[in-house]
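Novice: Look at TrEMBL and you will find 4-146 tagged as domain 'Lactate/malate dehydrogenase N-terminal'. What TrEMBL lists as NAD(+) binding site is 9, 10, 11, 12, 13, 14, 15, 102, 125, 126, 127. As annotated by TrEMBL, domain 'Lactate/malate dehydrogenase C-terminal' applies to 153-200. The active site, proton acceptor feature in TrEMBL is assigned to 180.
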């Protein structure tokens, strides 16, 4: 049976990039369908039709159907990717700013999907991802809603570690849980190599011994101050070089600050993280991914929205059994969940 994937916000930077990543990947088979949805305005519809034609010219050999849907109410799909809404800009610099800008959209979309037919899996890209997950889970059921922020942070953590070890990221497994923001929790207990290489393992052990007790918030504050100086004088190469000198667990918190000072979003990294979760759902082989979900005690008695390790299928998510955090990490995760809960409640007042 053909798989159907709908992208809400397909004409935006992340949505259109995800389309390209999907068509270049092996996730979809000939006859599968990607459904493009926009804002419904003439400008948005025009962009979708033009994007569709450009993608057909580039990837027609994939034999994946590309269709445009005018209304959520007419949608029939297995997976929905929510990539609509505002992003960080000069006028929206904080998560609070994004929350105020996107809250009405999240509520409107969730209500419209609640009234539509079917029960697809929802992958939430839009930010603040925790707010979107809370709203969509309340309307559509928590087991069908996953935010992709934790997967993106986990991939960044793995890359930061791989860079210092001198290996490729494909050889490193690492998890970042909690919030997709300042209350994120890099899980050093999760870090391991996928190859039996004594030399690389020894370097990883040394890296853990050096960095796993780093005061991340303190180092991040000091590093960000230095980054602001470098960025203000257009020393971007030096700013990125500085990232090699700090703990990988700190790097993932501050490196996006450099990138967003220049391009405001990270469409390729975001699309890649989304595609990894989508692929896990389609293949359903029990691989570990990460996502923000609405919890009711399933993971170390944490309640509320929190990033956790997951196994994903088209019918929903399960807590991954491949994670064994330390007691200190569990305490940090509970604190992160508390911070998320306080923020989402404040934003919805």
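In case you wondered, yes, glycine gets a Cβ from its N, Cα and C as well.
Whatever TrEMBL says is automated annotation, not expert-curated.
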Novice: Let me check the 10 A CB neighbour count of residue 15 (NAD(+) binding site). How many other CB atoms are there?
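Specialist: Step by step: centre on the Cβ of residue 15 (NAD(+) binding site), count other Cβ atoms within 10 Å, giving 26.
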Novice: For the NAD(+) binding residues given in the record (9, 10, 11, 12, 13, 14, 15, 102, 125, 126, 127), what is the largest pairwise C-alpha separation in angstrom?
Specialist: 17
Novice: Give me the Cα-Cα distance between residue 11 (NAD(+) binding site) and the residue listed as 'active site, proton acceptor', rounded to a whole Å.
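Specialist: A Cα-Cα distance of 24 Å.
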Novice: Which one of the binding-site residues (13, 125) has its C-beta surrounded by the most other C-beta atoms within 10 angstroms?
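Specialist: Going through 13, 125 one by one, the largest Cβ count within 10 Å is at 125.
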Novice: Within 10 angstroms of the C-beta of residue 127 (NAD(+) binding site), what count of other C-beta atoms is obtained when all protein chains are considered?
Specialist: 24
Novice: In whole Å, how far is residue 180 (active site, proton acceptor) from residue 127 (NAD(+) binding site) when you measure between their Cα atoms?
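Specialist: Distance between the two Cα atoms comes out at 9 Å.
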Novice: Given the residue listed as 'active site, proton acceptor' and residue 15 (NAD(+) binding site), what distance in Å do their CA atoms have, once rounded to a whole number?
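Specialist: Pair distance, Cα basis, whole Å: 19 Å.
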Novice: Restricting to the domain 'Lactate/malate dehydrogenase N-terminal' (4-146), what is the model's mean pLDDT?
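Specialist: Taking every residue of the domain 'Lactate/malate dehydrogenase N-terminal' (4-146) together, the mean pLDDT is 93.
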